[in-house]
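Pulled from Swiss-Prot, these are the features on record:
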- 25, 29, 32: [4Fe-4S] cluster binding site (BINDING)
- 31, 32, 33, 132, 181, 182, 183, 254: S-adenosyl-L-methionine binding site (BINDING)
- 11-290: domain 'Radical SAM core' (DOMAIN)
């Protein structure tokens, strides 16, 4: 299941790329900018700003899951079925109710990917799998990567690597570049902020490096979590000394995804303001350069 295909991307690997976003993630990062990607199933998004006062179409279409409330709709999400999702989106005249998640075959996705092959060839671009976590759907990920390789298309995967190694290993021959998150090297803060296990990520990174795969490390910098010199040094040291990568990207925290939490009726448990730490960003770049890495800041 996917939730988006983005063509003409220039920020998810080299050149012009098509990014396929797969649903499902094994982490629960507090700052996640794509909360609609976490579940492997479809999600219902509700935008109260588009809801028409006095309209009862959705409540009539699915009275067991929709109730009118003072400030819009009360949705009993735990009761939603695929049939409800279809009925609700079909009846809503303003698209206040929309569904995130679509089942597509490898052939359907590749039809879209192949349309832009001339642009990939000219720019050094290709296909990027993102998410969510692409390796939460290992068979689909491998099929798309293999089909792209057979078509002569460069492949990249944006991944948190918080999955069993057996989900990753079969796809290795078909992956040209890993855009790998390295959020923290210490297990306690990693667990607190992502509900995950840092050791699993570090172990998978070491295995990728041992396999000779090209890796670009990506570091989201979040105040209160890892936006400090000690954490930045530890992450950079691991990337340089343990993985021997050549490139690291620092991604300052932003709040562009907050509205998605409202649409999903989810709490937002991350800082409410973007990271404002120019001195830290300067330090991160300078320290990475001292360690022999090419460092880039990405917004």
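Glycine is no exception: its Cβ is also placed from the backbone N, Cα and C atoms.
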- Message: Cβ neighbours within 10 Å, counted over all protein chains: which one of the binding-site residues 29, 31, 33, 132, 254 has the most?
- Response: 132
- Overall pLDDT for the domain 'Radical SAM core' (11-290), taken as the rounded mean: 97
- Around the Cβ of residue 181 (S-adenosyl-L-methionine binding site), other Cβ atoms within 10 Å, all chains included, total 23
- Once DSSP output is merged into helix, strand and coil, residue 181 (S-adenosyl-L-methionine binding site) belongs to strand
- Message: Measuring Cα to Cα, how many Å separate residue 132 (S-adenosyl-L-methionine binding site) from residue 29 ([4Fe-4S] cluster binding site)?
- Response: 11
